[in-house]
Amino acid sequence: MSSSSADVLKISILGNESIHVGFHLLPYIFKTITTTLPSSTYVLITDTNLSAIYLNDFKASFEEAASEADNKARFLVYEVAPGEGAKSRKVKGEIEDWMLDNKCTRDTVILAFGGGVIGDLTGFVAATFMRGVKFVQIPTTLLAMVDSSVGGKTAIDTPHGKNLIGAFWQPSYIFVDLAFLTTLPTREVSNGMAEVIKTAAIWKDDDFALLESRSAEISLAASSRPTGVPTAGRFVSDRSHAQSLLLQVVSGSIYVKAHIVTIDERETGLRNLVNFGHTIGHAIEAVLTPAMLHGECVSVGIVLEAEVARQLGILSQVAVGRLTRCLQAYGLPVSLSDRRITALPASSQLSVDRLLDIMKIDKKNSGPAKKIVLLSRIGKTYEEKASVVADDVISKVLCEAVTVKAATPTKSPITMATPGSKSISNRALVLAALGKGTCRVRNLLHSDDTAVMMNALVELKGAVFSWEDGGDTIVVEGGGGILSTPAKGKELYLGNAGTASRFLTTVCAMVSGSASSERSTVITGNARMKQRPIGPLVDALTANGAKVKYLESTGCLPLDIDTDGFRGGHIQLAASVSSQYVSSILLCAPYAAEQVTLELTGGQVISQPYIDMTIAMMKQFGATVERQKDEQGNLLDIYVIPKCTYVNPPEYSVESDASSATYPLAIAAITGTTCTISNIGSSSLQGDARFAKEILEPMGCIVEQTLTSTKVTGPPVGTLRALGNVDMEPMTDAFLTASVLAAVAVKPCLPERKVEGLPETASRIYGIANQRVKECNRIQAMRDQLAKFGIETDEFDDGIIIFGKPEASLFRGASIHCYDDHRVAMAFAVLSCIIDETIIEEKRCVEKTWPNFWDDLQNKIGVAVEGVELETHNQASTSAKPVSPIDQSQSDRPIFLIGMRGAGKTYVGRMAADILSGQFTDADDVFAQESHQTVSEFVAANGWDEFRKKETEILSKFVEEHRGNHVIALGGGIVETETARETLKAHVAKGGHVVHVTRALEDIEAYLDSIGNTAVRPNWGETFADVFKRREPWYQACSSHEFYNVLEAVGGQTHEEHTKAMRAECGRFFKFITGRESNRPRLSVGNPTSFLSLTFPDVTPALIHLDELTEGADAVEFRVDLLSTTGQAPTRPALPPISFVAKQLASLRLATTLPIVFSVRSKDQGGMVPSDNAEAYGALVRLGLRCACEYVDLEVCWPEQLLDSIVQLKRETHIIASWHDWTGDMAWDGEEMKAKHVLCEKYGDVAKIVGTAKSGLDNAKLAIFVGEVQSHPGAKPLLAINMGAAGQLSRILNPILTPVTHDALPSRAAPGQLTAREILQARALTGSLPAKKFVLFGSPIAHSVSPLLHNAGFATLGLPHTYRLHESEKVDQGVLEVIRSPDFGGASVTIPLKLDIIPHLDSVSEDAKIIGAVNTVIPRGGKLHGENTDWQAIHQAAAQNLDADALSYGSSTALVIGAGGTCRAAIYAMHKLRFKTIYLFNRTPENAAKVKASFPESYNIAVVTSLSSLPEAPVVVVSTVPGNSLTLDTFSQGIYLPSEVLSRPKGVAIDLAYKPHMTALLHAAEKKEGWKVVPGVEILCLQGFKQFEEWTGKRAPQKKMRKAVLDKYFA
């Protein structure tokens, strides 16, 4: 057989069989081309990556074919750089010029060999060269094979968007050689599979069924090279079954595309169908490219657009579930919460508004209406075109949260069925898989839980699943109990599916060793699953001979389960925690080696109805379980299960889920409407079917229940009866539904249910202790979330008490945190039906049991649901209107502090809690309260192991809290147990914060020696150093961040200055990690920024000079690679010790509040860290993330695996992804530079590219490059400069974080680096920084020092601005001319114009509105904005000077003296400091009363008529009266200031009077030990610094500005 022969499948398009599909086709391709497309010149266009692999084979195949055809044609090759950048006008023109240079004529045949980029580019060249020449597509990626190569679309990209310039130009042939796929990364194959799945979904349901049922074989054929014959698959005779499957699905996809193109070549209607998933997918891709591939984005789009169709009532949930599982089977993401997406910096830009905005320009749209291809079932679309869909429908699908619009259900009376029971579905899957024969299961729940169960059973080779009736029926071919282990290295991942984990534990124990290649199976799950108990089941199995190992925490997943471990015989099992343990053994018992007798121990058996359900179902599959009785005929908890093999019934119908039915029934109860559940009645196997009769009927509902249906009619709204005492043990999952009803049940409970000692309107639910170990601690969750409505609750050992309140008195606008728990979300949806504006934060958690719950709520029940986009990823779950007493913080998880005894956890924790307006708790104190012993006493009596157990139990309770400003210091040894470590790791994995507080070992030892032994701290029994060494790796592994506690003063600081600096850094750190304040400058072209590059080997000697060094800089670059413990600059690549780096960074933090750029520069990139040690580089970079640096530099030269791992840990830190070319070989107009930029944008929030200028021309090329890449929508900030003297102009023109130096630094970090002052002066000279004029308005102002203050700042930084006085008693024409002048830079405003200026401004800050005065005018984008910096100055003066011990503002008071205009700023500042009471004194009380009346009551202002009788001594005293108004002399005419006012041991006195420098108040306070004084001139400076920074965007050079003022002041 000739080597140029092959068995190909030919597909017709536009009347020609021009698509040829097969394997190993190169010889066939060139034989076909040379014989059917004769030419004088064949031009191959490919990229450099592919040419390196295939070019020799191409040339050989061409030469052989040409020789056989006696063809003397030329074979020319043109290579382009790989990547999307090649699809440009520039590259197209270069190809055309090259072809013309090579004398190519109209008979030229162009061959496009590559992916979509090459195909699109080459096709457009062919369409336009010589007005059109023939071309051939030879696609190499699966995406190109099934999509871009078929249909004749060709195009290039422009700065305005992708594919905007092109033509329809059909190729002469499309050769699809599937053998090329075996050289692709698995991710690229999956990328193409998204399009294959999409096509099957819209057109070919049989291909879709093949794709979902044979995914493993299809994936194997696409990714594995054949063994033996290298060309296996070229002919049918040597083609494997897997290859045939791959060929079938790929050719089927191509056929659909070809058929549609044939009917609608120019995309006028039908061809739009192939864009299913693309409307939303393209929008996602526009934000995430290039980090996420096209197919990955389309995969998410497919699921979301399917959900749109489901929401519209067009598509069933079964179809959505099938699509989701099929895409997942090929490794594709299916939601925006996929870890691969959330780990990307760009994911923060995936707002609903942004995506909808991008969708506006979709080519399918007609005008403003958005069009989406809607499925009606698998294999068929709703219309033969894209359908118009409203924005609110799309928005609801995209939003992560929903709000239920409180109203009476419009569809009442309602008759509906709920999804299949999760409990029955999971049992049916196990029974049918273990049984013999085929079973058709109907009404199976299609959810996350059942999906993982099915996937696991397939991995165990226990069953084959397929679908009928459009997916409504699942066909199970049982394996008869023959199971084998998954493939090597494959774990069974179960997510948070508790039922599946428990059932599969026993299933895995019965796996046959003889049928397996591996000795054991590992089952695992997500972080929460690893906390849920499974110990009693494992104990029972191991006692029975099974070998089960805990791989992490004892008592929880993951488990390693050996084969052949289910011996049988007599098994004892503790069943007081979960009935699922019992069901697990029951279901598998018939296959044990011996007949099983199962004895339940441990007291009352939980959820007996579910055990009865399991036994009843086993009987339907042929196994009859006998429950034994005692001599009196009473049932015992002993079950005998015969050995047998299940026989599958031909059909099995899953009963609807009774737990899910409680929600629509409860909605009827709470809204006074009627609902009938058509397929659950009194004959149900499920315990929750009793909910209507036993819960709703006693609450006042009319309940009508038959064997198969349940009808509920609720009483009038607001008349539900309380439950009183009720046992919900038979239906524990339904307690959440009962709880939300009890919250608004205000009529007295039935007399027989009354609980002594509780009100008649209380509901006491018991028998639900197991609900603490479900998806979350549901009892605690219910209490925390009900509190947001103002509902009071209590709990006891196995239940909860709810005190009902009228719904009218409840808080509106609560934002409900769902804990990823479906039942929490659906329960609060019930309450939301009468409490408006309630937000359910995690709408998707309902997918566990009722994926289309929100759609059914609107479409079937008639309660409107709207999408809600939360403000941030850690949006508050505690917001409510009116403001409730619950914490209003941004993050909803507590902050844990860990670290060695003596590291400073209490010191840091107290400051952190105060800064976050929260609570501090020492876990050891909680332990002492609960155990009534100190830790030392407890350890002495019970030992360390028992203490660690109790300590971990306390930790577990804290973890369940949802108060983001609760700071908890844990004991130093919390990391000693695996369980506690895993709990902390899980907390971090969920986005929680665990901060390792640390100090140098010797510092901690010295501190502990200084305080000696204490009664509350037990001895370790080993040396401190040994304990430190053992725990340090655990602290690192369990924490998200690290806070290095520097207790000694740095940079010449006094003790007082050090204390202030520590508080400032503590505030920055904790506000930063919790997302409250980023401490980063605004990066934009209009706001040029720079950072100072520190080049010291040891920064500590320079800290005293840091204020001067950082003048004009917006950040400080901490060059880690230049550090050295010797204090000498490193001369060869070396790694500074991490502990040394951490301390250096912490010391630097105490000397500056500027953001830090944490840079670890490798040798090849111009630094001193070795370039061959990725692990060490990664460790140093991760330290920057752990220490909460605002920016971390990440070199993109390192392996992608390292880069990906670092980006996933970034949290609030912004990554500066960098590339430095020290050779000068990379040209700014070259493709390599574009490729580096793409890489930097992929990994960074900021891209940094540094070239080397050889001439001034390189700066011009750089400017062109920046202009091109920054013109793309969504482009990230770009720092692009040239090194060398010739590149200095690029530094002057660069607006984003320009690296700068200072004359006092030991060296410049890079050649050509300039100082900040030099850059600003150069910008002024070149006109890029125009001179602005600043003024002070008011009268009298002749003696004002404001011009000195601001002009000193301008001069220090090299700014060309000026500040002058403009005296005026009113806002006259002269004032208006100044503020409307084009060179107006800003204004200070003093009396009498602070109020008069407001009508002439475009906007005023909320602060200034409340105060009623503007003292600063700021031009912003052609508009004038008013601000008040007076209150900011007062606030700063108080906060910085208050002693840390006096910082419990919430329980302290402040005093403001005076009722003039400035007092309002002082009151506002004290309110912002959270003082519980603000005393206001004025000599004329009536004026003080007027001031009080103008502020909200929440400010708690108390007018006092005498300073001698204050109810409580204040912590802060602010005087706003003239300097001589107060007196210490009782006989003086002024206001007498009694000493009692300053009787607090510590405090701050602030006098706003400009002169005298030391007023009576300040003199008195100065004599009081512990009191700090702030004179008026300091307030003037502080408010001026704020103004300077608002106007210039630069940090004020405070020392020099203050000096200029004080020199004049004291002159």
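Using N, Cα and C of the backbone, Cβ positions are placed for all residues, glycine too.
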So Swiss-Prot lists H278, H294 for Zn(2+); which of E195, E212, E383 goes with them? E195
Going along the chain, which residues six or more apart from H294 (Zn(2+) binding site) have their CB under 8 A from its CB? G116, L143, N191, A194, G281, E285
Neighbourhood of K87 (NAD(+) binding site) by C-beta distance under 8 A, where only residues 6 or more apart in the same chain count: V117, D120, L121, A155, I156, D157, K162
Do you know offhand how many angstrom separate E84 (NAD(+) binding site) and C845 (active site, for EPSP synthase activity) by C-alpha? 37
Calculate the distance in Å between the alpha carbons (Cα) of E195 (Zn(2+) binding site) and L181 (NAD(+) binding site), and round it to a whole number. 15
Cβ within 8 Å of the mean position of the Cβ atoms of E195, H278, H294: remaining residues of the chain near Zn(2+): L143, D147, A194, K198, G277, G281, H282, G295, C297, V298, G301
Distance, H1220 (active site, proton acceptor) to K1248 (active site, schiff-base intermediate with substrate) (CA atoms, angstrom): 8
Rounded Cα separation (Å) that holds between H1220 (active site, proton acceptor) and D47 (NAD(+) binding site): 25
